[in-house]
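The following features are taken from TrEMBL:
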type     : residues : note
TRANSMEM : 12-29    : transmembrane segment
DOMAIN   : 13-349   : domain 'Acyltransferase 3'
TRANSMEM : 35-54    : transmembrane segment
TRANSMEM : 81-99    : transmembrane segment
TRANSMEM : 152-168  : transmembrane segment
TRANSMEM : 174-195  : transmembrane segment
TRANSMEM : 207-225  : transmembrane segment
TRANSMEM : 263-284  : transmembrane segment
REGION   : 432-536  : region 'Disordered'
COMPBIAS : 438-450  : compositional bias 'Gly residues'
COMPBIAS : 462-480  : compositional bias 'Low complexity'
COMPBIAS : 500-514  : compositional bias 'Pro residues'
Amino acid sequence: MHTTKSATSRYMPGLDGLRAIAVIAVIAYHLDFDWASGGLLGVGVFFVLSGYLITDQIVSELHREGCLNLKRFWLRRARRLLPAMLLVMAAVSLYLLLFDRDRLPSLAGDVWSAVTYTSNWYLIFHHVSYFESFGPPSPFGHLWSLAVEEQFYLLWPLLLPAAAALLGRRGKTALAVAAAAAASAVLMAALYVPGADPSRIYYGTDTRAFGLLIGAALALVWPSGRLSAGLPRRYRLGLDGAGIAALTGILLMMRDTSEYDSFLYRGGLVALSLLAAALVAALAHPDSRLGDWLGCGPMRWIGKRSYGIYLWHYPVIALSEKQVNTDGPEPLRIALQLAVSVALAALSYRYVENPVRRRGLAAVRDGLLAATASLASGMRSGRRSAPSRPAACLSVAALILLCVSCTGGAQPLSEGAKAVASDGTGVIAGPGLDAGDASGGPTAGGGDGGAAVVPVKDHVGTSKPTPKPTSKPASGPTSGAVATPTSEPTPKPSADVNPPAKPAQSPSPKPSASPAPQQGAGAGAGSVGSEAPRSGEGITVIGDSVMLNVKPYLEARLPGIVVDGEVGRQMREAPDEIDALKRNGQLGSRVVVELGTNGSFTKKQLTKLLDALAGADEVILMNTRVPRKWQDTVNGMLDDIAPDYPNVSIGDWYGASGGHDEYFGKDGVHLGKTGSQAYAKLVADLL
């Protein structure tokens, strides 16, 4: 998302407008706005823009000078990309050093992979899922897409001139580039497994290269230097009509798709890239009225600062968002997040990015000398000259990053942080914005202190802001409807606070014996002693780590119940577990299924599960509350499929837990004592 200029370049304001649209979509996606469920597609738009503008620059220089000055090319890239990124990383590291030191040790890998532009492969090789992850988000996880682009910038100036020399004519080169794009798209489709975690193909340079290559192919057949004004009116209308149609298609995809749609990985992202290429072609032409409209003043302002806005917006969101929030979005918090992100980006653009881009290392050198002299003489910072600002910022940035990456903050981990740090690094998808230039269960006393009592296996700190509710509770436990207990509403628990449970050293996916909670321990919702136990014979519960939290309270309420919970369990694994329960004689005639905490699932996977339970008298599908993007997808899928099965109803945990932040641990996912009691009470009442 960077402006690339050469001696003969022509400014195309419409492309800045397109950058603005794309970065707004990405931010709206990260803030979980309803109208931007597919806002992550902004990254695809930026890939096409980057491919077009970089290739256009290379072709222009080859035509003008006969060769490409690689040193100059890569130096321009470094000047444009590195200063703002180093500043953001240093500022975030300093913030964590001062206010959240426990998170620093897990950032070393993030820092080195970001600085070397290998973040995407670091995430792949460390099995960091974009789709199925928990824990505090890494403020640097969004840099993966910049890594994809920078790898392209490193290789493309070598490959393109070689291909041009080998193939001769520009048309043949364009066809070869298009063929490479097709190969990348085919590889994505071939590696995609429906229902499995697609993070590998989402991050991979090889499987995302088609967007960059489609933009590159466009630059070969539609170079900006050869586009001139004076088109006949009918051609101008056709150009703008094609651009408007492409823009409409992009906006509809951003509104109507999500990262869980199989369509995206089997041609959807390619379709988006082709639409983006058509739009870029229209906006790049000097006769385009659409380019004038999208290139209006406010859109240009945002577009020129879109790189900085992207760099700043996710750390601001990640560090200011509440991990536990059952009340829905907070408009004031969102407004402040947006304002801070834009303000920081504007300051970075004015005082760091532009000075370094114009003067390069001279700005750093002069600034270092000025800063050293200022410190030595005790001069006031207000007397420093403007060129010292970027250098001072970058010098401090480099020092902080070096310390953090080498020492991890030089602080021992607290007990609470060990579980988070052991999980790895969190990731949030973000656009490559360069367009050219606990323990196995609750303790006997049920204490938790708000901490998650069961960590999730193989899931690391990935999170987006808490999704907005879409599953609406309904009344009546009828088949295919949302089942709600007929007893009195669950009151909030008392203010009793128990000591936190210590995280286990090696949590077992299936504890052999879950400690029973004390009878009558705690008051309020779900208190075990609030009603007499009744038989749980013939009832089976299948779930994930959340159900492990609930297990001892269910067993106390419903003696004889079979509770089968496993850390990290997904819907796709449930049919095999049902078969195993049948063989062991443990599958009852009444079945409760609690799955969806760890990720989304397909309609085929859910129907396979329900078909396997066709002989059960009653099946209750518990919907979910999890501060992850897939929450709404999971709950919507349950609501859509349950009415098709006469023995199936929905258990509305989402509605029952609304407004009860105290139910959840620090990750906003796993349940503490009061939450586990409330969940057990809900299930018992439904049965």
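Yeah, the Cβs are placed from backbone N, Cα and C, and that goes for glycine too.
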Worksheet entry | Winner by Cβ pairs under 8 Å against the transmembrane segment (35-54), considering only 81-99, 152-168, 174-195, 263-284 | 263-284
Worksheet entry | Within the predicted model, mean pLDDT of the domain 'Acyltransferase 3' (13-349) | 93
Fill in: Positions whose Cβ lies under 8 angstroms from the transmembrane segment (12-29), at least six residues beyond its ends
1, 3, 35-43, 45-46, 49, 53, 224, 247, 250-251, 254, 279-280, 282-284, 288, 290-296, 298-300, 302-304, 306, 309-310, 313, 338, 341, 430-431, 433, 435-436
Worksheet, complete the sentence: Same-chain residues at least 6 beyond the ends of the transmembrane segment (263-284) with CB under 8 Å of its CB atoms are 12, 14-15, 17-18, 41, 44-45, 47-49, 52, 185, 188-189, 192, 198, 201, 210-211, 214-215, 217-218, 222, 224, 227, 239-240, 242-243, 245-247, 249-250, 253, 257, 290-291, 294-295
